[in-house]
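Asker: Okay, here's the structure, questions in a sec.
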Amino acid sequence: MVDGLIRSALTHRGLVLLLLIALIASGVYCALNLRMGAQPDITPPLVAVLTDAPALSPEEVEQFITIPIENGLNAIPKIEEIRSISQQGLSVIRVIFTRGTDIYWARAQVSQQLEQIRGQIPEGFGNPRMGPITTGLGEIVQFELRNAPGAEDPKSPMELRTILDWEVALPLRSVPGVVGVNSFGGLLKTYRAEVDPNRLLARGIPMDDVYSALRNNNANAGGGYYQRNGEVRIIRGEGLIRTTEDMDRIVLDTTDDGTPISIRDVGRSAIAPMLRQGAVTRDGQGEAVMAITYMLLGENARVVVGRVEEKLEEIRGKLEPMGVEIEVFYNRGRLIETTLHTVGENLVIGGILVIAVLLFLLGNWRAALITAAVIPLSMVCAIDAMFMAGIAGSLLSLGAIDFGLIVDSSVIVVENIVRRLSLADEDDSKLGVVFDAAREVKTPVLYGVGIITMVNLPILALIGVEGAMFRPMALTLIFALSGSMLLSLTLVPVAAASFLKMGEREQETWLIRQAKKLYTPVLPWVLDHPWPVIFAFLIALAASIPPVFIMGLEFIPQLDEGDITIVMTRPASASLEEGIEQSTRFEQAVLERFPDKVESVLCRTGRPEIGLDPAPLNRTDAFVFLKEYGVWDRDADGEPDPDDDIKNKDDLIKALEELCAYQLPGTKLNFSQPIEVRFDEMISGVRGDVGIALFGPDLDVLHRKAGEMAEILKTVEGAADIKARPIRGLPYLRVVVDRQQIARYGINVKDVLDAVRAMGGYTVGQVVVGKRRFDLQVRYELEDRNDVESIGEIKIADARGRMIPLRDLCDLRIEDGIYEIRHRDRERRALVQCNVRGRDLAGFVAAGKRAFDEQLELPPGYRVEWGGVYDNLQSASRRMTIVLPLSLLLIFLLLYATFGSMKLGLLIFLSIPFATTGGIWLLFLRGIDFSISAGIGFICLAGVSVLDGLVLVSAIRDRLTQGGESMRDSIYEASMERLRPILMTGLVASLGFVPMAFNTGIGATVQRPLATVVVGGIVTSTLMKLLLLPAIYHWFDPGPPADPSDGDGFDGPGPDDDDGDHAP
């Protein structure tokens, strides 16, 4: 079959050219339309269910909303985990489905269950709704809306927010690929009736009458139509509220003499801001108005960002006459372009190094160019397959492609063709020589590529976060290798037959001559003295064991996003105004202290009106947007500043930590990155490297023990940013109805609750102004609800019209109440989280567990679970213990199938442990911890390391088959003959990874362990092939090979090719 493929390619060279053109054209199309991202989207299928219940405390939210929803959703199949947070007035439930679940199916199941659950939630307690279809990579563009410099009519924060909601966010939602636009900051406009409770009661008007009057005076109606003179005339009744004057004129009641009592008689109507749950500040300039644009799941980030930018440019033209402008301060496209630049840089440098090696070692520039041409064409094959498979191009999927691995098969074919053509007689047919040369090495080509492909197949068995990250990489490499193999057996022979010359004496390059000069005296000594060689390699193997136990263990190296996120948590009782003041002060300090490193600082305190992140008022997410690293350490003249002690991002984080300790005393900090912090929250619910969950029924016990756990963690080396998520500590003014008292006065509970609702603003409808809609609210005037004494003086009319103060009907208590209640899989839990610095993750957790065992005492029914990134590490480690042995088994089975000999399969298989020696030592010397990325590197290394052994053993067996030579001579001649291809494949494979191993650009950290392992391992693997394998081959030789059938020669049609000096 393979012979037929080679023969057909050489016979139909024109068809091969046409197919090549078609391949390139399809590659261009797929490359332009391939989804691109900085990193794979590792968010599992997730559906968020949000319920607003302003009247309920966290315990009531849990009891009446969260628990019924959790119980109802628990019946849905394919659910992996349900997490929830119950806060004052808000329930957020995240339903995580098993990976691979169709998100639209999942949402349909959740929607169906919610229809049934809504009947279990008491009326007026909230209406559950699903959040948008987005992921941890959903936030693609963030921008600020502000007054243009020199604007004649500067807009207020409320006006800016209104423009943002209706003139910017609304059209942005129509952009294809945008699933939502979340406004944040400014003041949300409402139409409000502010009433004086004393004037209401003086006129005997209960609060419920105010609510009813506003509802009843804000409507339109249709009266059908009537006909007149052959025309139809529509009847419409119009009574919608349009202005505050309309509200003032609404009649609540009449006096005894018939005089109407309107809203203006008991208060006033005004346009006022809604009670807000969050705010935004930026660059120390005070409050700002911003929006976050969310991308639909599965869309191409680069394309959607481009569409959003086009739409924003269009909107800017409409805003200019208003004196308002838009400034984009976060663009996902920037990170994508930066990381893809890192990928491109690695690929270009790697490609140049590979081509240089081919030129210096082959000694034939035509052959080198033919081999080099396989690199871009293999990439085209990979991109085509990625596009069809729906795999996004990213740092891992594209960045892990090693051009050295890609051209290995072509190197083997070209090198043999060059050698055979140099030995051919003038009477030989060039096509025949090329065919025989290609057919001669088909076994190592097929099995070599097959081994590297097979060794990557177990990676596809990875699940969870590690699977989402590395499966695209394995598939892309398999696609590229498959394309490379096909090209090496079709295009390469055709190009060789067209451009290489017959009878041209093979020239050894200077490098090959020097290598042979060194190898010629060493090889005979190795063959005559195998035991010293064996002992030397065994010592090297044993020496690699201690570093394994010294190196730390981590999950995956952090992808540098080029920006910093600081999650600041103040005491639970901290007000929004305090958060705004602290954030502004922090922004000013950062910009003043680091002007050459920080581009902008933005702080988001609390939460927007609609959002998946239930951030309380005491939490601020500070985003520190950095300048490009290339401009750091520069003085005012752009020259390197020797006095600057902040050289990298880690130094900057330490400096920011010191700055925060001075500027924000008592504030707990957690350093992260914009995408990373969303991934952590959505995947594990933990904003940190380690999350320790304490499960149990009693909130007080959970709160107390979580504090103890945080204190114990402070004693563990490496712990940083320790924070126990509070359960209690939020001050409440509890208005507890005294039923005996209200019964005495003939007052209903509803009368009391109507007064309570009016303190915060009770929404009774909407005011429609053109295409804009604003809430219609009723609220007490500020002086009547600003302290406990004022609230206690609010009066309620009893059955006989007497004015009874609220303090006589209720118990007014100020006490610390529940801050939030967290569940996982319907169990209450407390959460302690921290980051790990200065040591490996696994070692830190082991030390933490020992500390807990010694110092933490838990009541019966309570348990501790360690999670966060550590949970991902545990899951991946368990999977790797299966994947690694499986990979090794597949390699051995393929080797056995190649030679039909257990001995020869074992001989080549021995190259793997000696290859790992170099990988381990280079990791250790570079101070890189072992990670899943490094583990994937060892899997790749296993495939690469057996390839050269396959080539050498095949050559030895071929010489033994031909007969006429002793075992020793066959080993010697085959080793010298295959020195060049062994060095070439080793050098091109390692040099292809060198840029990834040593690149310091944004995104390089994820690739570094993988590339480091391969580069180090290939060095020791190559030495093993050249020294150890020849020395011990005679012990593994299975005996005389059977005479293989020569098969058919090249007898296909073709042009006369007698001279062989020109392309056929």
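Using the three backbone atoms N, Cα and C, a Cβ is placed for every residue, glycine included.
Caution: TrEMBL annotation is automatic and unverified by curators.
Keep in mind that what you see is a predicted model, and the values were worked out from it rather than measured.
Feature table excerpt (TrEMBL):
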- 347-365: transmembrane segment (TRANSMEM)
- 377-401: transmembrane segment (TRANSMEM)
- 445-465: transmembrane segment (TRANSMEM)
- 477-500: transmembrane segment (TRANSMEM)
- 531-553: transmembrane segment (TRANSMEM)
- 882-899: transmembrane segment (TRANSMEM)
- 905-924: transmembrane segment (TRANSMEM)
- 936-956: transmembrane segment (TRANSMEM)
- 979-998: transmembrane segment (TRANSMEM)
- 1010-1036: transmembrane segment (TRANSMEM)
- 1040-1064: region 'Disordered' (REGION)
- 1045-1064: compositional bias 'Acidic residues' (COMPBIAS)
Asker: May I ask for the residues of the chain that lie six or more residues beyond the transmembrane segment (936-956) and have a Cβ under 8 Å from a Cβ within it?
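Answerer: Cβ under 8 Å, 6 or more out: 402, 405, 408, 412, 443-444, 447-448, 451-456, 458-459, 470, 473-474, 477, 883-884, 887-888, 891, 895, 898-899, 904, 907-909, 911-912, 914-916, 919, 970-971, 974-975, 977-978, 981-982, 985-986, 989, 1009-1014, 1017-1018, 1021-1022, 1024-1025, 1029-1030, 1033.
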Asker: Looking only at residues six or more beyond either end of the transmembrane segment (347-365), which have a C-beta under 8 A from one in the stretch?
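Answerer: For the transmembrane segment (347-365), the far contacts come to 371-372, 375, 379, 398-399, 401-404, 407, 411, 414-415, 418, 500, 504, 506-512, 980, 983-984, 987-988, 991-996.
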Asker: Top stretch among 477-500, 531-553, 882-899, 979-998 for CB pairs under 8 A with the transmembrane segment (377-401)?
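Answerer: Ranking 477-500, 531-553, 882-899, 979-998 by Cβ pairs under 8 Å to the transmembrane segment (377-401) puts 477-500 first.
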Asker: Where, among 531-553, 882-899, 979-998, 1010-1036, do we find the most CB pairs under 8 A to the transmembrane segment (905-924)?
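Answerer: Stretch with the highest Cβ contact count: 1010-1036.
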Asker: Can you name the far-off residues of the same chain, 6+ from the ends of the transmembrane segment (531-553), with a Cβ under 8 Å from a Cβ of it?
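Answerer: Contacts with the transmembrane segment (531-553): 839-843, 873, 877, 913-914, 916-917, 920-921, 923-924, 928-931, 1020, 1024, 1027-1028, 1031-1032.
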Asker: Which sequence positions outside the transmembrane segment (1010-1036), separated from its termini by at least 6 residues, show Cβ-Cβ distances below 8 Å to it?
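Answerer: The answer is 400, 402, 519, 522-523, 526-527, 529-530, 533-534, 537, 540, 903-904, 906-908, 910-911, 914-923, 926, 928, 933-934, 936-938, 940-941, 944-945, 948-949, 952-953, 956, 967-968, 971-972, 975, 979, 982-983, 986, 989-990, 993-997.
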